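**Q** Mind looking over this structure? Questions follow.
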Amino acid sequence: MTAAHPVGRPGRPVPPGGTPPHGDAAQAPATGRTAPAAPAAPASPGVKPGRDGRPTLAVVGATGAVGAVLLEILSQRADVWGEIRLVASARSAGRKLTVRGEETEVVALGDDVFEGVDVAVFDVPDDVAARWAPVAAARGAVVVDNSAAFRMDPDVPLVVPEVNPHAARVRPRGIVANPNCATLSMIVAVGALHAAFGLRELVVSSYQAVSGAGRRGVDALRAQLAAVVGTDLGTHPGDLRRAVGEAAGPFPAPVALNVVPWIGEPGEDGWSSEELEVRAETRKILGLPGLRVSATCVRVPVVTTHSMSVHARFEREVSVPEAHEILANAPGVVLCDSPAEGEFPTPADAVGTDPTWAGRVRRSPDDPRALDLFLCGDNLRKGAALNAAQIAELVAAELTAPQYWGNV
C-alpha cells in the first residue's frame with residue numbers, strides 16, 4: 001500500500017474529505033503526453049475582481065445535493081473568493097445556508113443575480129443550465145457547469161484539472177463543462193497512466209452508487225432496504241420486484257439486494273446514454289477522438305461512491321511496479337494495493353474523501369501492454385462538486401493574474 005496521506009483505521013489511508021492537496025488543480029502530470037498550456041483566450045473579459053481583490057463566485061443550485069457538498073468544500077479549501085453568492089429556485093429564496101462559517105441568504109435565480117459575478121458554478125438540471133448558463137456568460141461570468149447540457153459542445157471545454165487544466169483557458173462560449181461522475185471516477189488515474197504509457201483502449205465496468213440519481217435515488221434505496229431487512233426476500237424469482245412495488249424510485253428494477261445493468265436513457269445499438277457519455281467524455285478530456293472505449297454501467301446498492309473496473313491497453317509494455325509508481329505520485333490519486341493484507345479500494349473507505357482510490361493493479365496475463373485495475377471515487381465530491389470547485393479555482397487564478405488584465 002502506498003499513500004502520502006493520514007492513516008485512519010490500521011493500514012488504511014483516509015485522506016480527510018475537504019483537505020486534498022490544494023495544488024492538485026494546478027499540477028497536471030508534466031509528461032510528454034500532457035498537452036501544453038494554451039495561451040489565455042477568455043471569451044469575455046468578465047468583471048474586475050471585487051472585495052479584497054478577490055473574484056465573486058455564484059453557486060447556482062446551492063440547495064441541491066451537489067450544491068450542499070460544494071458549499072462544504074468551499075468552506076474547507078483555500079479561500080480564493082471575495083463574495084460567494086448563493087442562488088436557487090424561487091421557492092428556496094430566503095433560506096440561509098452556511099458557507100465559510102457564515103450564514104448566507106439564498107437568492108432566486110434571475111438575470112440580475114449575475115451582476116458583478118466573475119465565476120458561476122451551476123449545479124442544476126440540464127434544462128435549467130441550458131437556459132441560464134448562457135445568460136450568466138453574457139453578463140460576464142465564466143460558467144462552470146455540472147450538467148450534461150454542454151459537455152459535448154465543441155466550443156465548451158470539458159475539464160479535469162489534474163488531467164487537462166490548459167483546456168479551461170479556451171472557452172469561446174464563456175462556459176467550462178464538468179464531466180459525468182462516472183467518467184470522473186476513473187479519469188484522474190487513467191489520465192496519469194496515459195501520460196506515461198500512451199492509452200490505446202479502455203474497457204470499463206462501473207458499479208455506480210444510487211446518489212448518482214440524486215436524492216430520489218438515495219430515498220429509494222433506503223425505502224427498499226427497509227422493506228427487505230429481516231426477510232428472506234431475494235431468494236425467489238420476482239419476490240424483490242413484488243416487495244418493492246412503487247418504491248423502485250428512479251431505477252428500472254429493485255436496487256436493494258440487486259444490481260441493475262442500466263443507467264440513463266436508450267442510446268444507439270443497445271448502449272445506454274451513460275455508457276456513451278463515458279466513451280465520448282474520455283475521448284474529449286484526453287484529446288483522443290479515436291480512442292477505443294467500451295463501458296458497461298451498473299447501478300449497485302451503495303449510497304455514495306462509484307467504483308470502476310478498468311482494463312486499459314497502452315502503446316508499450318507496462319509493469320505493475322511502473323504503474324504503482326505513477327499512481328502513487330499522481331495528484332488526486334491514492335494507491336491502496338495490498339490485496340493479501342485486505343488492502344484495496346472499496347466505496348465504504350473512499351466515501352467522503354476527495355482522491356480517486358486505485359488498487360488491484362495487475363498486468364494482463366495475455367497482453368504485456370495491458371493493465372487491469374479497480375478504482376473508487378466519491379461521486380458527489382470529485383465526481384461533481386470538487387472538480388467544479390477546482391475548475392473555478394483555475395479560472396479565479398487566471399482572472400486575478402496581472403497579465404490577464406493586460407490582455408483585456
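Each residue, glycine too, has its Cβ placed from N, Cα and C.
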**Q** Let me know which member of ASN329, ASN379 TrEMBL also records as binding NADP(+) at the site of THR63, GLY64, ALA65, VAL66, ARG91, SER92, SER211, GLY212.
**A** ASN379
**Q** Looking at Cβ-Cβ distances, which residues of the chain lie under 8 angstroms from ARG299 (substrate binding site) while being 6 or more apart from it?
**A** GLN208, VAL210, GLY212, ALA213, PHE251, VAL255, VAL259, VAL260, PRO261, TRP262, ILE263
**Q** Between the recorded positions ALA65, CYS181, whose Cβ has more other Cβ atoms within 10 Å than any of the rest?
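**A** Result for the most crowded candidate: CYS181.
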**Q** What span in Å does the NADP(+) site cover, taken as the longest CA to CA distance among THR63, GLY64, ALA65, VAL66, ARG91, SER92, SER211, GLY212, ASN379?
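**A** Taking every pair of listed residues, the largest Cα separation comes to 27 Å.
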**Q** According to DSSP, folded down to helix, strand and coil, what is SER211 (NADP(+) binding site)?
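**A** The residue in question, SER211 (NADP(+) binding site), is helix (DSSP, three-state).
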**Q** Cβ-Cβ under 8 Å from ASN379 (NADP(+) binding site), same chain, 6 or more residues apart: which ones?
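**A** ASN379 (NADP(+) binding site) has long-range Cβ partners CYS181, ALA182, LEU184, SER185, GLN208, ALA209, SER211, GLY212, THR304, THR305, HIS306.
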**Q** Cα-Cα, whole number of Å: ARG151 (phosphate binding site) versus ARG91 (NADP(+) binding site)?
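**A** With distance taken Cα to Cα, ARG91 (NADP(+) binding site) is 28 Å from ARG151 (phosphate binding site).
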**Q** Taking the Cβ of SER211 (NADP(+) binding site) as the centre, how many other Cβ atoms fall within a 10 Å radius?
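**A** The answer is 26.
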